[in-house]
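Some features that Swiss-Prot has for this protein:
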type: REGION; residues: 1-41; note: region 'Disordered'
type: COMPBIAS; residues: 13-25; note: compositional bias 'Low complexity'
type: REGION; residues: 33-175; note: region 'RNA-binding'
type: DOMAIN; residues: 39-164; note: domain 'CoV N NTD'
type: BINDING; residues: 83, 97, 138; note: RNA binding site
type: MOD_RES; residues: 133; note: phosphoserine
type: REGION; residues: 159-207; note: region 'Disordered'
type: COMPBIAS; residues: 168-200; note: compositional bias 'Low complexity'
type: REGION; residues: 230-251; note: region 'Disordered'
type: DOMAIN; residues: 240-363; note: domain 'CoV N CTD'
type: REGION; residues: 251-360; note: region 'Dimerization'
type: REGION; residues: 365-424; note: region 'Disordered'
type: MOD_RES; residues: 406; note: phosphothreonine
């Protein structure tokens, strides 16, 4: 299918799939497709809201499955459609319906990505971009609505029903009717030519060349979904000594903590010191960015631009190295406003309360003193909090604190008021 130069839109109008039979008998083998309606129609069946709670998805969830899309394309918005009916006793409000549209398509095609507007809920997959989508307008006269499906693990809001599944016989019957019409058209020897504008999320026609070409992709998608449900989606990653050494050789503030290179290995023990971090419970310290809560945690982290533009910086001369060259530390501080109107506001507070200063509750781990052959006791030395820092501040006598971690009780006065530090 030819791709227009300009981004295409998915049309959604009143999202009503009750169209007359597009294939009428006696019109030849290749009936002319009906033109697309003026209004836009979603590619997917909608979500019916049966309660007062608004639609909301956790970050990284809420985009319907699409066999023809890439991760970068999986972003868009859900739009609320308020409904009412005139009765003998006046106007009666019906349950609202929500329909999905890709970014840059549908009734809100000109709405910038993640713009705040009543009745609009933005969703995206991790790694998606804010570029307008290439998926075009669906012509309901030629294409049946795709029953909305989500990736395993997606948390569908309470009191929301996916149309076309379960007891929604009306939507299911419409989809079945359109499917029979398409099959009847192909059985007469012709292939239904879609008049939908732009790329379709699915291939058209039963047994068509497009369907056969997409079959391996659909089978692969089915296998991936089955693997996700069975927990076999990822092979265990083996971290070799070479990989660990390479990760450790990175500058401290450029490292990424994972299960194979955990938070303590990457950034040191949690604690109150000026060169220590105080964020992270036992689970986060073990898994790092592989913690299931990481997507919500990452939303609180500023971007590189925000970090450089919102922070108060201070350059401090700490000491000199063996060659006499000065060693500097770049100290920074700042603040992030937590918006109570954000749907993840309560989740953020839960995460912060569970992870800030969580090291104070870590279980104590006693160390057995080493003994020599003559029975003398040798005190064991603790690991440095900053193995990659060549020169360290002058220390006062070491003392034991919670968690049996040997901490520095004193440091350079210039760093006493700094919460986090990074090497310049």
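Backbone N, Cα and C atoms are what each Cβ position is placed from, and that goes for glycine too.
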Q | Whole-number Å value for how far residue 83 (RNA binding site) lies from residue 133 (phosphoserine) (Cα to Cα) | A | 28
Q. Which has the fewest other Cβ atoms within 10 Å: 83, 97, 138, the binding-site residues listed?
A. 83
Q.
Let's see if you can do this one: DSSP helix, strand and coil counts over the domain 'CoV N NTD' (39-164), in that order.
A. 3 helix, 42 strand, 81 coil
Q. Which value in Å gives the longest Cα to Cα span across the RNA site residues 83, 97, 138 as recorded?
A. 22
Q: Tell me the residue counts in helix, strand and coil for the region 'Dimerization' (251-360), as DSSP assigns them.
A: 43 helix, 19 strand, 48 coil
Q. Looking only at the region 'Dimerization' (251-360), what is the mean pLDDT?
A. 89
